[in-house]
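These notes concern the structure reproduced below.
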Amino acid sequence: MNFSNDKWHVASTLIAGAILPLAFAPHNYYVIALFSLAVLFISWIDATPKQAFLRGWFFGVGLFGFGVTWIYTSMHDYGGVSFGLSIFLVSLFVSFLALFPAFSGMLVARLLSSATKPIACVCLLASSWVFIEWVRGMIFTGFPWLNVGYSQIEGPLSAFAPVLGVYGISGLLALLAAILAWVFVRRKFLWVTGYLLFASIITIGLGLSQLQWTQTLGKPIKVSLIQGNIPQDMKWLPELRQPSMDLYRDLSRDNWDSDLIIWPETALPDFYHRSLGFIDDLNIEAQQNKTDILLGVLYMDIESDRYYNSVIALSDKNNAFYHKRHLVPFTEYLPMKSVLGALVDFMNVPMSNFGAGKKGQTLLHVAGVDVGVSICFEDAFGEEMIALLPQASVLVNVSNDAWFEGTDAPYQHLQMAQMRALELGRPMLRATNTGVTAVMDHLGRFQSIAPNLEIAVLTESIQPMKGITPYVRFGNAPVVICFLLILAFGVYNIRNSA
């Protein structure tokens, strides 16, 4: 087979990208990620910048075309967007996301043209991938979904999470894939060097897995997570408002022996100020049983006429709120409203207009511990969640992934929460409307998982933790700086050779 044939490379990268989602939850064939990246890197070695751009773009089309198909489900099935417009918008979004691996390929092809030493070449391949992946997680509020580091949560590289974070894991995986690619193409790369790098990374990972980065704080607390399983197309019907609230209250009453009960995102299908009677009665009953509650609710600031996606803490103290800070563009708010507003109105796309909560909000204190709360996909941003520590001893994420029923999205989202628990060294309590509700310990291990698309209650004893991991102390900075320096060295080589 002629591996220099451009059509073969385009086809192979498209297929490699399309199978990469199988490395993520719920499939968890994490080894696929190594070989998928290796195929991409093989196509970039000896390619011109234009060729590498095209091959990277097709890889991205395969990856995101198969990996984020749930966007169509949320838009068409639940968002009220027509079939044709949904297909168009999803295709546009996938094409945009595919530009990130495309630019990564163009960058590395330019840098490899002046690199001579094999070790420099494999480092450039890995660095270009991770740098662009990091940019994707930052630009336009960020979309870190399908970051390849998440796929390794069940593998040996996950032990690096408390030290390097998910981008560090991506970098190590990309480095291993680059070694495979270089050996395959050149066939004269020093096998001893490649073997030593492989062995060193795996050995260090096994060693790190034996370390305890954080310590126990106080006694375990008993928690109950309520999964009401309210279908998304019925959630906001006026006639089902009270039955939904009664369902959550009744499920809670069966668990008054817990220290903390958690309801999911917008479990109350109404504004806080219109549900005060229900909330006050619920809190009185809860406090009579010495139980605190966290529940998702919409909050309207009457003075500013802004409303927020919020969590309220019901305890023996005054009610306290957390307002979601990191909003989802085009679903919770419209970016560049002055520019895009007319277009959205013309295309008749339903659009919310939430306000963003302030940074530095006071942590919620329930069941005797400080809790770091995130709502929906806020838990996809590890560096933002670092701000919750060291004060928070428990992490809580409330979500409503019913928008993505029947797709991989709820499991992919759960995998991100799992990574946050491991990076930050804190137990993670994840309460969702329809799934996947789960309790994880400070090592990201599942203590229990509720069945998907069923009414369920998870009750577990969890251990609050204190202390910080190296990742909490330094964030993504060491990894990003390291790969930027490698890329800068590549740019220097180009200028020097010119």
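Including glycine, each Cβ sits where the backbone N, Cα and C put it.
Because TrEMBL annotations are produced automatically, they should be read as predictions rather than curated entries.
Annotated features in TrEMBL:
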type	residues	note
DOMAIN	226-464	domain 'CN hydrolase'
TRANSMEM	27-45	transmembrane segment
TRANSMEM	52-73	transmembrane segment
TRANSMEM	85-107	transmembrane segment
TRANSMEM	119-139	transmembrane segment
TRANSMEM	159-185	transmembrane segment
TRANSMEM	192-213	transmembrane segment
TRANSMEM	474-494	transmembrane segment
Message: Six or more residues beyond either end and a Cβ under 8 Å away: which residues meet both conditions relative to the transmembrane segment (52-73)?
response: 9-10, 13-21, 24, 40, 43-44, 86-87, 90, 93-95, 97-106, 108-109, 145-146, 403-409, 412
Field: Same-chain residue ranges lying at least 6 outside the transmembrane segment (119-139) that approach it to Cβ under 8 Å
entry: 37, 41, 44-45, 97, 100-101, 103-105, 107-108, 111-112, 147-148, 167, 170-171, 174-175, 177-179, 181-182, 193, 381, 476, 479-480, 483-484, 486-487, 489-490
Task: Report, as numbers and ranges, every residue of the chain located at least six residues beyond the transmembrane segment (192-213) whose Cβ falls under 8 Å of a Cβ in that stretch; write 'none' if there are none.
output: 118-119, 156-160, 162-163, 172, 175-176, 179, 182-183, 425, 467-470
Query: Taking the transmembrane segment (27-45) as the reference, which of 85-107, 159-185, 474-494 gives the largest number of Cβ pairs under 8 angstroms?
result: 159-185
